[in-house]
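Chemist: Sharing the features that TrEMBL gives for it:
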- 556-598: compositional bias 'Basic and acidic residues' (COMPBIAS)
- 642-654: compositional bias 'Basic and acidic residues' (COMPBIAS)
- 655-670: compositional bias 'Polar residues' (COMPBIAS)
- 673-693: compositional bias 'Basic and acidic residues' (COMPBIAS)
- 710-720: compositional bias 'Gly residues' (COMPBIAS)
- 1-364: domain 'Nucleolar protein 10-like N-terminal' (DOMAIN)
- 369-417: domain 'Nucleolar protein 10-like second' (DOMAIN)
- 483-509: domain 'NUC153' (DOMAIN)
- 529-617: region 'Disordered' (REGION)
- 630-720: region 'Disordered' (REGION)
Amino acid sequence: MQVSSVNDVKIYNLSYGKSLPEWLSDRKKRQLQKKDVEIQRRIELIQDFEMPTVCTSIKVSRDGQFILAAGTYKPRIRCYDTYQLSLKFERCLDSDVVAFDILSDDYSKLVFLHCDRHVEFHSQHGHYYKTRIPKFGRDFSYHYPSCDLYFVGASSEVFRLNLEQGRFLNSLQTDAVENNVCDINPIHHLFATGSSEGRVECWDPRVRNRVGKLDCALSSLAEGTEVQALPSISALKFNSSLTVAVGTTTGQVLLYDLRSSQPLLVKDHLYNLPINSLNFHNQLDLVVSSDSKIIKIWNKDTGKLFSSIQPQTNINGVCVYPNSGMLFTANEDPKMNTFYIPALGPAPRWCSFLDNLTEELEENPESTVYDDYKFVTRKDLENLGLTHLIGSSLLRAYMHGFFMDIRLYHKVKGMVNPFAYEEYRKDKIRQKIEEARTQRVQVKKLPKVNKELALKLMEEGDDEAEVVSRKKKGKALPSILGDDRFKVMFENSDYQVDEQSEEFRLLNPIVSKVGQKRKKKLRLLAQQAAVSEQVPEDNDEEPEGRASSEEESSDDDKSWVEEVREQRRLLRQEDRDRRRQERKDADRNTVLVEREQNGGEECSNVAESKKTSQPQFYQIKAGEEFRSFNDMAHKQKLQKTSLEERLKLEEHSETSGTADTAVGSKQLTFTLKKSEQQKKQQQAEREHHEERKKLRRSAGHLSSIRGRGRGWGGRGRGRH
């Protein structure tokens, strides 16, 4: 037995578990029951309650004693006696059963509609009579007052077969091309058919005239719904005298009052599958609707979901046992499921022991449906490589993930990560060793990263612990060093605090002052605690010569503001010194090549040979990017050019002149619009400058002349 809970409603699957073969001996069955837990949990409510391959439909007789089921293969009908909890008889048929009905209170009168247009009648002893209808049938209903059978199918006509006279009567001509289902109201005997065009036509059997028509196709579609095909009627069921439920092939259930053409309520199954059965539970005003995927139980007045059942196999039909909380389902599986929901009603009289059993299970809850399943998310399925199973019976969708069998999960996980157990074992051993180490004498060790910060936190923690220890009701706050959330800050080198950075130096005065205030406050608290232990009476007056707390806070604010200003001044001074040093290095590393007219080529060759033979060393400053050894000379050359030329060079070289500062990286780009005359003038000046550079002569020999004052011998440069 399987127990599940949906919407806080307990659902007991009485057919869950392994089924034992008939040819096993009693001794072998007892041995299996001792070994296998699933067989121990199994409850065989009705013996051999199954079909060889598939069960297509299931119904209960009006007296509640017999359960009849049709299935295949071979096509057959089985009758189960609930008083004996076993199979009463089994009859094989010539073709598959499309629909069947029980005409009497027990199993003595049965009618079967076959897929080959045959209508077969069975009595208590077996086969009684067989006839054919003109078209392939899909459903039929029995009109008790007149003993007429109404057949609908692949035709616009509704065929009538009178069982009292034993002959066909005049057919009813509908406006539909084909009719899928039909039903007769049990109170006023109104006959209704559901067509493939999405219409419901109602007929009065007394006068054989149509009395009304409902267009359900348009009413089942909500606003903004994409229509791929016209919704057809797939299920039809009357309740009381005025209520009718209509199921469509697109998965909607519509509740109508026969006096109105608009539906009272539209319930969507949200699976886009045809509704195959509709039932009413009048005791709690509930509707039991099903498609091939799920059974939904909901309130017929509000549409609120009461509970739902989702079997592992597809559903062909649902039968509700009268005046109880038991459901039977015909499935695409040999086993016919039996569900018991205590919230719907008591157990039937022939299995009243279920109430005691469920009460004991609720008092001592053991295993539920989730004990044998593992909840996995879509990401877990991607890691395991099981995304192709989404939509199959191996995964059951639930909230934001899926439930899968725990055995399948362990098997797949073992294949994906075969060394998981070894890793788990090593982790457990490591944890036990660490637990044993904690019992030894602890020696405080500083971490490898942020040692200064750790030492500071340890000192502050000791001060706080000392103050708290003096108070009887105080509790020490948790330390950052012992918090796992900040553990990476003392292990990963990427979190190392750079004390030489500009941000730290500007922020450090504020932090240090806050730390000093905190230490001073802790010291005062410790002194007050010590004084309170010695002198019980309080002294509200401040000692002479001591400033008040407001004056101390104002002095502290002034001091840290001055320190911040001092740090800013030092940073500006360091920046100026760094630039001055860079210029000196650039002047020292720049090589001026002197060319003379007489031996220019030889001198240049010698200079180049010396330059290449002698290594030159350059100092790379912090924060600078290394490009080449002639970078400093290039920078000095760029300083003499205009801003426009520097921007053009940067655009040509595709480099960005960004600078990382405390507020981020910023860059300003602009271009100047020039007229054609300005461009020509600049081009002429550039050509003239290049021409003058070619004619330039060296002036190195002038540096050897010494003693000459300004104006060549003391004389002024002006004319005399």
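Cβ coordinates come from backbone N, Cα and C, glycine included.
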Chemist: Do you know the DSSP helix, strand and coil residue counts for the domain 'Nucleolar protein 10-like second' (369-417)?
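Modeler: Counting residues per DSSP class in the domain 'Nucleolar protein 10-like second' (369-417), I get 21 helix, 14 strand, 14 coil.
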Chemist: Can you count helix, strand and coil residues in the compositional bias 'Basic and acidic residues' (673-693) using DSSP?
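Modeler: Residue counts in helix, strand and coil order: 18 helix, 0 strand, 3 coil.
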Chemist: If you run through the domain 'NUC153' (483-509) with DSSP, how many residues end up as helix, strand and coil?
Modeler: 17 helix, 0 strand, 10 coil
